[in-house]
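Record features, source Swiss-Prot:
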- 10, 11, 12, 13, 14, 15, 127, 199: ATP binding site (BINDING)
- 30-59: region 'NMP' (REGION)
- 31, 36, 57, 58, 59, 85, 86, 87, 88, 92, 160, 171: AMP binding site (BINDING)
- 126-163: region 'LID' (REGION)
- 130, 133, 150, 153: Zn(2+) binding site (BINDING)
């Protein structure tokens, strides 16, 4: 089973991904991990990517597709794989389809975890971090015993800049703008599986596995 996992920041994608790879015994493939591995191993594609990264430029799609192609031909992908964080746009999705066609493979399903923006804002802006020890809390899901104080060391809890409402709203808008055309692309192919991402992690996992089989 070859699947793609989509979902906005705060949708619980990471939790579901780790459970899915356990259930289906398939590896999770992220472009970040692939790039780091290629750089460490000094592969031709890794060296090619390094040229762009050293200049602070984005690694071209052709290089990323090459890395994906190498990765999915490894033995641990024989039963399938889950792509996480790729493709990010329609041009990448088209290039991926073309490459998979050459390998006589295809994407079987695209799981899109959907959560209303109001819920996502609550999840993402509710995070609090201890200034002293770095421990993490959440005002809704994991509140400290004393408001504003760390349970572990008594340090002051604060909201990081990237967790404030303006920054979170901006991140969600970027995701929406980038991903909407991608969702439409896979919907037209009949591969999109929309999942209600509100509820317990167990309930959401159950919805995903019910659709994937």
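Including glycine, each Cβ sits where the backbone N, Cα and C put it.
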Test of understanding: give the count of other CB atoms lying within 10 angstroms of the CB of residue 12 (ATP binding site).
18
For the binding-site residues 10, 199, which Cβ has the most other Cβ atoms within 10 Å, all shown protein chains included?
10
Please report how many Å separate the Cα atom of residue 13 (ATP binding site) from that of residue 86 (AMP binding site), as a whole number.
13
What other residues of this chain sit with their CB within 8 A of the center of the CB atoms of 130, 133, 150, 153, the recorded Zn(2+) site?
131, 132, 134, 135, 151, 152, 154, 155, 157
Between all pairs in 31, 36, 57, 58, 59, 85, 86, 87, 88, 92, 160, 171 (listed as AMP binders), what's the biggest Cα distance, rounded to the nearest Å?
32
I'd like to know which of these binding-site residues, 13, 127, 160, is least surrounded, judged by other CB atoms within 10 A.
160
Near residue 127 (ATP binding site), meaning Cα within 10 Å, which of 31, 59, 150, 160 (binding-site residues)?
160
DSSP on the region 'LID' (126-163): how many residues come out helix, how many strand, how many coil?
3 helix, 12 strand, 23 coil
Fewest other Cβ atoms within 10 Å: which of the binding-site residues 15, 31 wins that one? Let me know.
15
According to DSSP, does residue 31 (AMP binding site) fall in a helix, a strand, or coil?
helix
When distances run from the Cα of residue 11 (ATP binding site) to each of the binding-site residues 31, 59, 88, 150, 153, the nearest one:
88
